[in-house]
2 protein chains.
Amino acid sequence: MSRPAAMSGFPEFLPAQRTVELAVIDALTRTFELHGFASVETRAVEPLEQLLSKGETSKEVYVLRRLQADRDGDGGSDAGIGLHFDLTVPFARYVVENAGKLEFPFRRYQVQKVWRGERPQEGRYREFTQADIDIVGRDTLAFHHDVEVARVMAEAMAALPVPRLTLQVNNRRLIQGFYAGLGATDLDAVMRVIDKLDKLPADAVAKMLVAEAGLTDDQASLCLQLAEIRTPDTSFVERVRALGVESSLLDQGLAELAAVVEGCASVSGDRVQVVADLRIARGLDYYTGTVFETLMEGFEGLGSICSGGRYDALATDGRATYPGVGISLGVSRMLVPLLAAGRMTASRSVPSAVLVALVDEESRDRSDDVANRLRARGIPTEVAAAPQKFGKQIRTAERRGIPFVWFPGSTGSGGPGDPGDTEGRADQVKDIRSGDQVDADPDTWTPPTDDLRPQVVVSTLRQAQDDASSTTRNKEQQQ
Amino acid sequence: MSRPAAMSGFPEFLPAQRTVELAVIDALTRTFELHGFASVETRAVEPLEQLLSKGETSKEVYVLRRLQADRDGDGGSDAGIGLHFDLTVPFARYVVENAGKLEFPFRRYQVQKVWRGERPQEGRYREFTQADIDIVGRDTLAFHHDVEVARVMAEAMAALPVPRLTLQVNNRRLIQGFYAGLGATDLDAVMRVIDKLDKLPADAVAKMLVAEAGLTDDQASLCLQLAEIRTPDTSFVERVRALGVESSLLDQGLAELAAVVEGCASVSGDRVQVVADLRIARGLDYYTGTVFETLMEGFEGLGSICSGGRYDALATDGRATYPGVGISLGVSRMLVPLLAAGRMTASRSVPSAVLVALVDEESRDRSDDVANRLRARGIPTEVAAAPQKFGKQIRTAERRGIPFVWFPGSTGSGGPGDPGDTEGRADQVKDIRSGDQVDADPDTWTPPTDDLRPQVVVSTLRQAQDDASSTTRNKEQQQ
């Protein structure tokens, strides 16, 4: 095999990077489970007709074909299946398929890979991991679940060792009620144009609101003033009221958005800030009430890394409709740039907290025995692969980031070449960072809690650059 | 959406079943990490040329095509990629691709879905989960890692709540050395024929050994006698010696197999038995020394659910070769039949240990506060969706299997309609299985450890059938 090249759009991690990803996924699922969300996994494939019912995404689908389908003469049996491009379409299908066996409102989390046949570009991948939570009701779903979903995801994100996140919340009823209240007739057109504020200056958008959405200059100005409102608390309500537009849909939207922002107040803080941002519309998606987007500090160019909202009908099976509210975190979208920039790594590339040294091949049982005693008490341990000089074995631990090296003592039997050692030497354990070496018993010794598992190490951008260049230097010196 | 049907060959789980799968995967990865194995995930796709280098598997590959590839005029950009059909081929590629960044010997575990475009049949799926461990060296890999891999997987399997497993070990050097020692010339042919003992009677195999492998009747008889040897300890060595065949390769094989069986003796027991079984050959696979197969009691018809062995070259990149030893557990292959038979389920379908009751919609904050205090101490908790009568809320908990319902007391402020309640009622928690209800403080109350997370419930086949029919009866009564 010649050395294969990485495949564009299909990111893969080295073990230390994968350790960071696992820690992030563990932190997320722990929070989801604390709030009663059950894990669901769906198959990777769906019928094409299911995948294509959202027209806009059709160009992104990977279609599957059995390599030998023609030869077997049953090409039709797999015809029309493709890889899912998100976790919402398969979850909607799962809910309808299993509705009789699920308890509603049904809370589920789902952490899985999804695939999109897009041209790879910065922050876009062909294979990536998403972490979704949704709450789905049968026929009805109370509004307080919107607050719940926002709070759970904010709490989950606050536990992540990533740059500060801002969860921006808005409400479709609020903006549509506002547009209707000021006399707009094509509400979707207004929303579509307002959505362009990300890319176009305000005066250009104002002109488009007149030209494409049929607004007067005054109406357009009010829409832009609405979109400028962004508050970390419920003071947005007053500012909207001050614009003098009224409608009952607007009232409902204001009350709902205020409830979400207020409900997240206790979670909003240094790690995750929850704000009302009246520009968020989630363009073409099918949301009907609450909408979410999330930006990561210093990585705003990635766009939203965690989005979602309320939909009145996630699915319907003719007998019932299933309204839902959900939010989807782009795990790869968030982590791949952070890992590539060296902003996060793990304290070691292996789970092992201890490397048990090996005196000689004949005493491997002795070293294995120490390792098994440590493992029995939950301490990840490996045994040296070969009985090299202890200095070499210590350097092996160092290269893997293993903090402790264990030296088995003599068994006390006093070998023939060691007549003075009839009482045996105790085992010793060395912290190779400090050099401290102490007597230790494999049935009682315990490493500091922080050393038990690999820790996620976060560095600032500046540190990361320094580390990267020093690593390069070290490598050059070694070669 | 009309009610979709399950897709043959793509098993999916209900939440309680998924809880079992998660518990199994957690138990496996916990053991793997205790032994220093690092997690790796590889992308789902590989270049077709990579996938097809093992000719025999080519008919199983799912090829990918971007739905709009033709329209975009870049049909070539994704040409020739397919979904991986195992975790060994992608891992071999990963090792070569990242060899400069890995520490050897490199221990990794990998739990991922794989896909095969096979015709679905009992125990065969088109999408399924595998859990692999491998240890890979650069240029050399000491034999003791064979013992290590067997012991780690045996220990991991012993922690699973599944029927008794038998890990059968053999050694290619042993059987090839034996065949060579008795004068056979086409060793592969002998092995291929012996491999048919699973399906054909011994005398038919004996005739084939003469006809297809060119053996004499005496030689064929010795081969069959070798294949009959199966011992739970190292006594197989004596029995092989008694057959009077000699070769240095046989000696090496006997010593290696004895070392594996001996090394696993402390793990071998009620849950997992490790035996030397001299019939195991792993047919067409590329193993060069140790080989493994595993049968599950009562489900022998599934064939081996956990297989692997030693290969002298997992991969090579022209500059180095990477010998390895590994074993792959078919998680879906093991679990899907057990779950389908009702042999395993979870004690509840949600993570929640507590349902906090809701007095009225106005006091939702009070119930949320209780829930957050419980969650802060690691107790998974949900709040009732609606302020129904307490009896109904208790039945909601019952249906989900949630063991505790929490009743928030009055706040002690003495509402206007409740003048006698100026001191407030304490919170109470009810174990809905026993009916016991006691005063409780959300900052100190803790459920029994077994109730904290859903437990895997194992039933015998007989119990499972009873449960299934009683569930059916209950459902009929409700309707």
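A Cβ is built for glycine as well, from the same backbone N, Cα and C atoms used for every other residue.
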Q. Of A:Arg116, A:Arg119, A:Arg271, which one shares the L-histidine site with A:Asp86, A:Leu87, A:Thr88, A:Gln130, A:Asp134, A:Arg282, A:Tyr286, A:Tyr287 in TrEMBL?
A. A:Arg116
Q.
Give me the count of other Cβ atoms within 10 A of the Cβ belonging to A:Thr88 (L-histidine binding site).
A. 24
Q | Residues satisfying Cβ distance under 8 Å from A:Arg282 (L-histidine binding site), sequence separation of at least 6 | A | A:Val291, A:Glu293, A:Ser307, A:Gly309
Q. In Å, how long is the longest CA to CA span across A:Asp86, A:Leu87, A:Thr88, A:Arg116, A:Gln130, A:Asp134, A:Arg282, A:Tyr286, A:Tyr287, which the record gives as the L-histidine binders?
A. 22
(Q) I'd like the Cβ neighbour count for A:Asp86 (L-histidine binding site), meaning other Cβ atoms within 10 Å of its Cβ, all protein chains included. (A) 18
Q: Specify the secondary structure state of A:Gln130 (L-histidine binding site) as given by DSSP, simplified to three classes.
A: strand
